[in-house]
Amino acid sequence: MTIPAYKRILLKLSGEALMGDDSYGINRDVIERIVAEIAEVNQLGVEVAVVIGGGNIFRGMTSSAEGMDRATADYMGMLATVMNALALQDAMRRAGLVSRVQSALRIDQVVEPYIRGKAIRYLEEGKIVIFAAGTGNPFFTTDTAAALRGMEMNVDIVLKATKVDGVYTTDPKINPDAERYQRLSFDTAIAENLKVMDATALTLCRDQKLPLKVFSIFKAEALRRVVMGEEEGTLVEV
């Protein structure tokens, strides 16, 4: 049996990924397929942590641009990530996976508070840990939360699951001649503003030498190929 390239990963899922082709909310078929992909790598012995966004329900930055106080909007966005985390946990339960949700905002009747030691123990026990509510602070994105939790969990790599199969020189939806990077440095991604992640998240990963892989969650078995070290998506490293 081939050994996975990574022992412990952090998967960053955007809220938009849960929508599928819908305009809002959570598409059941999509979330079940994502869970099936996570189950496959978990069964390979890979320890999986997940940071989930909330843009399918509420986007703080957009609302602040429309006149809402930015901090208030960001807290609402954090609550949206808790809703997504619960939906993901429920789908995992139905698929026979054992998971735990830890939130950076305390909602004790619904989810556990974030406690680093417990999260690491859950991972070591083979449970999937879903991190909700970002960093718990406004003005920080869930991408930054993914970088932060990745470092705290001592993961081997952060995997950013998107709708695009990697990082391109320009937007491939606009420019059909855009070329996909196979490998990319953090410095280049930051300097050229390639929209891989926000600059704070990229800088954290760069400074801690934590590699990042960007791939499409909508490509069948792409997550497994990434975990096995096969050529898939774009690798961003120091």
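The backbone N, Cα and C atoms fix where each Cβ goes, and this holds for glycine too.
As the structure is a computational prediction, the values presented were derived from the model and not from experiment.
Its Cβ placed at the centre, D171 (ATP binding site) has 10 other Cβ atoms within 10 Å. Annotation comment: Swiss-Prot describes K12, L13, S14, G15, G55, R59, T162, Y168, D171 as ATP binding site, evidence class sequence analysis.
Taking the Cβ of N137 (UMP binding site) as reference, residues of its chain lying under 8 Å away and at least six apart in sequence are, in sequence order, A104. Per Swiss-Prot, the feature UMP binding site maps to G54, D74, T135, G136, N137, P138, F139, F140, T141, T142; the stated evidence is sequence analysis.
Here the CA atom of T141 (UMP binding site) lies 11 Å from the CA atom of G55 (ATP binding site). Counted over every protein chain shown, other Cβ atoms within 10 Å are most numerous around G54 among the binding-site residues G54, G55. Candidates K12, S14, T162, D171 (binding-site residues) were compared with T141 (UMP binding site); none lies inside 10 Å Cα-Cα.
Counting every protein chain shown, the number of other Cβ atoms lying within 10 Å of the Cβ of K12 (ATP binding site) is 28.
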